[in-house]
Amino acid sequence: MFLLQSRASCRLRESPEEGKVFTEGMLMNEERGVVPLLLVLHWKHGAGSPLPITPVNATCATRHPCHSNLMNQIRNQLAQLNGSANALFILYYTAQGEPFPNNLDKLCGPNVTDFPPFHANGTEKTRLVELYRIIAYLGASLGNITRDQKVLNPNALSLHSKLNATADIMRGLLSNVLCRLCNKYHVAHVDVAYGPDTSGKDVFQKKKLGCQLLGKYKQVIAVVAQAF
Amino acid sequence: MMNISLRLRRPSRMVDGKRMRMTSSFQRLLLTFILLYLMNQVNSQKRGAPRDLKCITNNLQVWDCSWKAPSGAGHGTIYEVCIESRSRSCYQSEKANAKIPALLPGDHEITINRLYDFGNPISKFTLNEKNVSLIPDTPEILNLSADFSTSTLHLKWNDRGSVFPRHLNVIWEVKILRKENTEIIKLVTHNTTVNGKDTVHHWSWASDMPLECTTHSVAIRCYVDDPHFSGRKEWSDWSPLKNISWSPDSQTKVFPQDKVILVGSDITFCCVTQEKVLSAQIGQTNCPLIHLDGENVAIKIHNISVSANSGTNVVFTTEDNIFGTVIFAGYPPDIPQKLNCETYDLKEIICTWNPGRPTALVGPRNTSYTLFESFSGKYVKFKRVEAPTNESYQLLFQMRPNQEIYNFTLNARNPLGRSESTILVNITEKVYPRIPTSIKVKDINSTAVILSWHLPGNFAKIKLLCQIEINKTNAVQELRNVTVRGVENSSYLVAVDQLNPYTVYTFRIRCSAETFWKWSKWSNEKKYLTTEAIPSKGPDTWREWSSDGKNLIIYWKPLPINEANGKILSYNVSCSLDEETQSLSEIPDPQHKAELQLDKNDYIISVVAKNSVGSSPPSKIASMEIPNDDLKVEQAVGMGNGILLTWNYDPSMTCDYVIKWCNSSRAEPCLMDWKKVPSNSTEAVIESDQFRPGVRYNFFLYGCRNQGYQLLRSIIGYIEELAPIVAPNFTVEDTSADSILVRWEDIPVEELRGFLRGYLFYFEKGERDTSKIRGLESGRSDIKVKNITDLSQKTLRIADLQGKTSYHLVLRAYTDGGMGPEKSMFVVTKENSVGLIIAILIPVAVAVIVGVVTSILCYRKREWIKETFYPDIPNPENCKALQFQKSVCEGNSALKTLEMNPCTPNNVEVLETRSAVPKIEDTEIISPVAERPEESSDAEPENHVVVSYCPPVIEEEIPNPGVDEAGGTSQVIYIDVQSMYQPQAKPEEEQESDPVGGAGYKPQMHLPITSTVEDLAADADLDKTAGYRPQANVNTWNLVSPDSPRSTDSNSEIVSFGSPCSINSRQFLIPPKDEDSPKSNGGGWSFTNFFQNKPND
């Protein structure tokens, strides 16, 4: 389902949603299909070292004016993600059945090797770039998890709902971070990497990778939310 | 040989006696040697010839015979094997075996000799097929492959059937080994036949353990089962082992992966790993490990239970990780139940079913359904991957043109199996139309409309049966069935007649095919108002003359909607006399009466109702009433909601009876309502929402002749009687010593609330505050009751009463509705005067007699009485101990010192008897006087009462030499009775207002010894002091000075007994033992006390 590329390069400018400021719950239905498509196009199997950001002199323009209070929006979205991450994690591993809830350290430990780094003490620009990579990574992985769980647990509606809600917020956050990078720092291009595709893996691997990813997400989003 | 040697040694001992026996033994020995020699010769000949001939065959056509070559035979020896039969055939062989064609059953002589070796004997054998062994060639595995996903081994080999001359049964045995070929886990046989040509055979075997778990090896051998072969048949050798192994990568993996199995199955999981596995568990259950090659381990699960949606997790735990797989245990699809195919529109067939038992498999493992139609060969598929499982199961199948019969087969399939269900339907009989929509109504006339609707679908080939539901207010619902021919454009219309004009109707429609299968759902309701028509009847009229008899008031009722047939706009009133009609006025609708000035001619009044379409037929009524002299007023009681009036049939009544009624308390003309009853009726039930229970109504029954009405009956009645709301007002007309005459008044009709049936009169002895007649109905014996049913009686005399006695009288009225409230009165009968006189005279006479007798006795015994009760009292002035410098009676203001000289009273008498216990009030009166002498002076002299004396008790004698020296007086402290038993603190006001302050004797207590001023004041009034000087033991008490404060306010008007000034005073002294008694009376005996003090209760 996801195309494999040796290295992913995401041209934010090309995104149909470029420059649009998202707030919580503002996402339109068609956006839900576009973002995964973009992620598909930039799929990279396994760890991918992000490429450097766009040179400063690169042109950067957003299609829509950015919200004046963008950083607050970003902070709120991060807080929202941070607030719901643990519940999503619990909902996920509970839906996977035993022995997941009782072996979280080995089955759901945040052992995601190629997860984009984040340095809380960096400059705002660096942090925003790193946040962009993290959210892009998480968004793609969340798409995989949502797809897998819809097949594996078609009746776990609350899990699906929470996964979708989280993905929605992430898309909004991604757009806001883009706006901020573009407007203030003139960054139009951030190389991103994505986690492993689970479509070809066996069910247990899907469950385990999803659980590890959500465990990592819960851990990272707390740090990121704190940093902003 | 030993035997021989022994025999050789023994002859020397038996030479003499046994010569003959020695000769025979020798002969035997010789014969033995000869025999041994001969045998050796024979054996030597045999060792030189082929021996031990054995024959086997592997194809039943050639026997491979072999023998043991003679010892002397070397390389290059050629054997000739000959089969001695009719046609002798020989075969030469350089080896010790020879292939000969299979021989027929039976013995065959075989000779084998070495060619070119003439001295050697020829070996002869008898060879039979029974001695030949059939041992097939070792089979060879052509191919061994594995399907890891299904854990199945596929084996392929050649049976080499061409070598066998005929059809034969061949048994193949396959063995499968694991654990590096040390454990045979499967040994199976497989039967085939050979038919003279080589055939490749396939055999598959599904392993209970995933093939990835360990190396599997397979070998094969065979056994030819030829029933015609009489020799020994043996298994071939095992073929070389062929191995199947999975080449693991470096990652640890658990097998099988994502497998779907039947609930209750046994299954083996293995973990292919380089690490040491510590434990394994399925769900939450730990399982024992089965060690395989290397670090690989397996677990075996028996009777696996059904999985959750996300499958059952099987995990293997290593030191720092968990590896696992997911298994989906479920069920094969159940046979689809309640398969039903129908059509909404004859365009599309919808088939629905119930999946039956849940499979517990979801997502890609969920059951897929295929609906196959056998006549057309078309099918549609149903597959859900992510949809919730509670969705209805249905498939749509497009109808084929000109096909009415459909044979559907619904196939259900999942990874564990399949099932199917079939149905054969004539689709024109399974029409379930959709909801009719777009209901429209169009007028035809006031009683008929056209109803049209839209019913989606192509029903051109069938007829539709539709049901029209017609509702109108306050009417029974009506259903009309109509059959319409189906159309392609889905528009239908029908005419609906037999409706009422100007009526709101609600229509709704549902349809089905004429060959009924199901009704469609009801359409939405459509309201419609039919058009107006002329009123069908004239209004119901009545007339009343005004109270002055000059005006006739015409009343009419509004027409009911079903008779008005439209909105009534106005009414035309006209009157006619002798064919001459005069239209009087047009009254607009809301008004339903008209007042006409008429003379006393008998007019016919007509009333006509008009709506927008036209006028109603006139309603006529005569203005004058037909007189009736024989009229009585009757009574009637209703049934709660109405009243039933009956009358006799009167054939002379040609038009409707009229019953009118009104509230009896209303003024004339009184008309609440009226009701017309057909002339052939003899009864009518009058009902009205205006009727109220407990209200009296007048009902008038009119008969009708030629539009003229005659009053037939006048009835007063109640719809329901209630108890009176007030009590009858009654008064006492007359009272004597033994009777009371009571009169009461009528209760107003409005408050009676029913027909009065009587009064109940109760009476009993009792006073106003103490007597209450309770439980009048309980039949108390002391209550007398009189039931007065004669309604004309307005008085009642109650006799046989007691004189001067209070009686409680109660009167209440009652109707059939119950008892009214009661009214009560207390009356005291007059006194009986004769008795009273007797009661007075007798005590007076007795008292006079007693007084006279007492006077006589007293007179005669006056001296004794004087000595006994009134002895002479010694003069205290004669006592030196009490000698003052001047007599206090003389009003000397100077203080007198009490000289404590011995004093012998003239005569002191002490009574030992306990005095009457005084009231506490008496003592309390005294106390404040003693303590507050200055306040005592303020007391009103008129309020002083005589108080008794209470002998003082000396609390303490305080020697006061200084004072004695200064004043020459000794201090004696008195205490009054009150102080002896807890004097009550009284409010100051009470003390001030106490009328006894300063009256009579005042016990001296806590007297201010040096109160000179007071003393002076006291001296001033000394001559007025009338207080008693306490006489007691002079050793224990001292006389308070006469100028004590108490004495100062003594008024001369105060009546005091026993004053020290009065030598005639005489007091009874109360013994000291009574001092502790709080009730001890401080008062002395006197006639005044005798009359004034209340006796102790």
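Glycine too: its Cβ is placed from the backbone N, Cα and C atoms.
Feature annotation from TrEMBL assigns domain 'Fibronectin type-III' to B:335-434 (among others).
Per TrEMBL, the feature domain 'Fibronectin type-III' maps to B:435-534 (among others).
Across the domain 'Fibronectin type-III' (B:538-629), DSSP classifies residues as 4 helix, 50 strand, 38 coil. As annotated by TrEMBL, domain 'Fibronectin type-III' applies to B:538-629 (among others).
Taken from TrEMBL, the feature domain 'Fibronectin type-III' applies to B:724-833 (among others). Note on the domain 'Fibronectin type-III' (B:724-833): mean pLDDT across this stretch is 84.
Beyond its flanks by at least six residues, the transmembrane segment (B:834-859) meets 803, 865 of its own chain at Cβ-Cβ distances under 8 Å. The transmembrane segment annotation in TrEMBL covers B:834-859.
Taken from TrEMBL, the feature region 'Disordered' covers B:982-1002 (among others).
Annotated region 'Disordered' per TrEMBL: B:1066-1097 (among others), in sequence order.
Taken from TrEMBL, the feature compositional bias 'Polar residues' applies to B:1086-1097.
DSSP places the residues of the domain 'Fibronectin type-III' (B:435-534) in helix, strand and coil in these numbers: 0 helix, 54 strand, 46 coil. According to DSSP, the secondary structure content of the domain 'Fibronectin type-III' (B:724-833) in residues is 8 helix, 51 strand, 51 coil.
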